[in-house]
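Working notes, beginning with the structure itself.
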Amino acid sequence: MMVSPDLFIMGGSAAVTAFTLWHWRRLDGVKQPAPAAASMPVDLAPAASIVTDAAQLALMWPALKLGSWETGFPNVTAATLTESGMLVEVQMLGGQSLKDWNNDATRDALAHYFAVPEVVVSSPSPGFVHLELRTVDTLAVSAPVTDLLAYGVDLEAVPVGVTEDHDVWQLRVLYGHILLAGATGSGKGSVLWSLLNGVGPAIKAGLVDVRIADPKGGAEFGRGEDRLFTRFAVDAASILAMLAEAVQEMDDRLARMRQAGIRKLVPSVDEPLVLVMIDEAASLSSYADRDEREEFRRLTGLLLSKGRAAAVSVVAALQDPSKETMPNRQLFPVRIGLRLDEPTQTAMVHGQGARDRGARCDEISEHTPGVGYVGEDGTTAFVRVRAYWVTDNDADRIVEQYSPAQPDLSPQADYSGFDPDDLGDEQGPLAA
Ligand SMILES: Nc1ncnc2c1ncn2[C@@H]1O[C@H](COP(=O)(O)OP(=O)(O)OP(=O)(O)O)[C@@H](O)[C@H]1O
Ligand SMILES: [Mg+2]
């Protein structure tokens, strides 16, 4: 989202012959182009002076090995101030591809040359690259989780945070599975609790049945045991039993659906969305004994491959995505990578080449827990997001507010005339 209109745009083609063609041009809709220097944020001043000066560009491209006097220079076609810094659109030189621009060394060199902390490179269309000079992180401040009851719940678009463009970050819970990876302290808990907050009203209404596997021994989700969650398992044996039960239910549903000719189950109070949340999934896929490991893989594999149509969804969180610990990533239509320690882990979550397409989970700061990159089937781009911040108090509130009414265990005789304050020593109207 742009906070200020396009500042300047330059036309021109192959640089060597084009110098005389370079000129200032007013963009449509911009009544009064801002005088570039005056309104320029101070940390973008060096960059602004470079991109608006052909002579400086002619020095920069050879220095960065992105052009030369012999082969010609890339062509800056537009530069715009944005909320996070400056967006520079560049027409690549013939023969160049995104790879020439979007590699760690070149991005780093661009950042130094423009004197900004970070340059993000993407290719909006063939032949062009976008250089995003980042001076402001729009996700630096986290949004608190809030009560969403008033908005109703769309189980296919559950609000769990914000995107870097200030949109609401929504996750598909119904007919989808979600993989969530992040190092310790990266904010997995916030994502999971934001998700619970987002589906909360539907839990309360009996349309979502949440089952938790919390191998950390209940530390993270214990407060919702027997209240927000219908199942709560903390050790390998009970987690496997819980998964086996979900598989059985899924198979029963699928059999019924086949008979009735239903392709997709719409959750109802009788047949709610079964949401299986597995925190620290790695502890089962790698640390449990061999038989348990196999059984865990088999059961989650079944839920992941057949559960969607039957409204059985899996959300699996893990710290260390590796060959050993990772369930099959292809089976998760939505994959979230929070801060990760290694570039290879980003590839485990988002696939080979994901870093080059912008998902750099290993570069997320420790100071911004909840920040991550989301990849979804059907899109190649990644969205940078931050989960709502859920404190312990918020989690208590979520449990309090959205736990379904408990079965009525109160005495069944008629005590409606009983007034506990009435000690029989005064006359007065009875509290009914
Ligand atoms: N969106 C957020 N904004 C601000 N702080 C956050 C956010 N998400 C998490 N935090 C804080 O970061 C810390 C770690 O978060 P969290 O417990 O969710 O991480 P985790 O990935 O679940 O870690 P672990 O793997 O150790 O369980 C907590 O103190 C939490 O309050
Ligand atoms: Mg956690």
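From the backbone N, Cα and C atoms, a Cβ is placed for every residue, glycine too.
Predicted automatically and left uncurated, TrEMBL annotations should be read as such.
Between the stretches 337-368, 401-432, TrEMBL puts its region 'Disordered' entry on 401-432.
Close to the recorded ATP site, the chain also has Gln319, Leu338, Arg339, Pro369: residues not among Gly182, Ala183, Thr184, Gly185, Ser186, Gly187, Lys188, Gly189 whose Cβ is within 8 Å of the site's Cβ mean position.
A coil conformation is recorded for Thr184 (ATP binding site) in the three-state DSSP classification, outside any helix or strand. Highlighted here are the binding-site residues (Gly182, Ala183, Lys188, Gly189) whose C-beta falls below 6 Å from ligand 1: Gly182, Lys188, Gly189, in sequence order. The Cβ of Thr184 (ATP binding site) has 10 neighbouring Cβ atoms from other residues within 10 Å, across all protein chains displayed. Proximity to ligand 2 (Cβ under 6 Å from any of its atoms) holds for these binding-site residues out of Gly182, Gly185, Lys188, Gly189: Lys188, Gly189. Listed binding-site residues: Gly182, Gly185, Gly187, Gly189; maximum Cβ neighbour count within 10 Å falls on Gly182.
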